[in-house]
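Features as listed in TrEMBL:
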type: BINDING; residues: His66, Asp104, His312, Glu316; note: divalent metal cation binding site
Amino acid sequence: MNLRELVSALNDFASPALAESWDNVGLLVEPSPPHTVNTLFLTNDLTEEVMEEAVQKKADLVLSYHPPIFAPLKRVTWKTWKERLVVRALENRIGIYSPHTAYDAIPHGVNNWLTKGLGTCTSVPLHPSTAPSSPAEGTHRVEFCADAEHLDAVLSKIKDIPEISCLTTLPVRVEGEEQTRVSLNCSQKALLEVVALLSQNSLLYHKTEILLLQKPLLPHTGMGRLCTLSEPLSLSDTVERIKGHLGLPHVRLALGAGRTLESPVKKVALCAGSGSSVLKGTEADLYLTGEMSHHDVLDAVANGISVILCEHSNTERGFLSELRDALTIHLQNKINIIVSEKDRDPLQVA
């Protein structure tokens, strides 16, 4: 497949618009076009060892779940390992694509895969995603009626305000008089300026309506998951299920206040990777994630919530095999898809 065709298909699989605003997703490194992709190489983390593997396996595009370029690069030299990744990629005509939190949000993504380690359960996102393109622009809609005497002057001033969009006018008849209905979308900042302008004319101001534009929630899409098990499990059985699903000999466990290994687990709040900010404040019997700060663990324990930590990428990497199968179908078997054998969590139990 042509690289741009493939990137479009990957974006259809998981829209980059679903990623968190702080994230860096999409095509990060692009060899000069045209670039044909015969082999897509999947990894959780793109380290130098993994890049060497990609080169040896003649990959044309690396899909790295974590973005190897996150903080801005001021130069591309041989000095730091992340700069060397870019150099090696371009020298070997390998593109780099990263989905990261877009894969966290989608219903068929990383967090959904993580729930499968709990057995039969129902789950809902902890922080639901909103439809990225509805409404198109702005946070508020402002509507008001103006007569011919004031219309041109008001419109002229409104058009000078930044962050105004979807400005429309429509002839209407109000109380027997011919007037114009003005409708516009604006940001929160622009709203203050629009209201200040309209308040200078009491007739306009009293005929003004302000609507909050709320984007609809997307079903089964968003950050984290709150899982309700069909049958309660003991905490010790839950630990064993998670270890089996992730292929881990050990996990770290903090018992919630008043809890034991035999305490029942019915509700599990989980988040792949680093889950503190997503899980915080959620009522559950158990928090499951890769890593949390010491003080967030203490807070959870004090509230009677047990915590299982598996190390960051151990809660993500197992998804790659499922992803390979899903992308094979999504891309209609047009390219070879392989999963890295060198990719692993940097932390081991010694």
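The backbone N, Cα and C atoms fix where each Cβ goes, glycine too.
Considering other CB atoms within 10 Å as the measure, the emptiest surroundings among the binding-site residues His66, His312 are those of His66. Packing around Asp104 (divalent metal cation binding site) is summarised by its Cβ count: 29 other Cβ atoms lie within 10 angstroms of its Cβ, all protein chains included.
Around Glu316 (divalent metal cation binding site), the same-chain residues six or more apart in sequence whose CB sits under 8 Å from its CB are Asn44, Tyr65, Val110, Ala272, Gly273, Gly290, listed in sequence order.
Listed in chain order, the residues near the divalent metal cation site other than His66, Asp104, His312, Glu316 are Asn44, Tyr65, His100, Val110, Ala272, Gly273, Ser274, Gly290, Ser313, Thr315, each with its Cβ within 8 Å of the site Cβ centroid.
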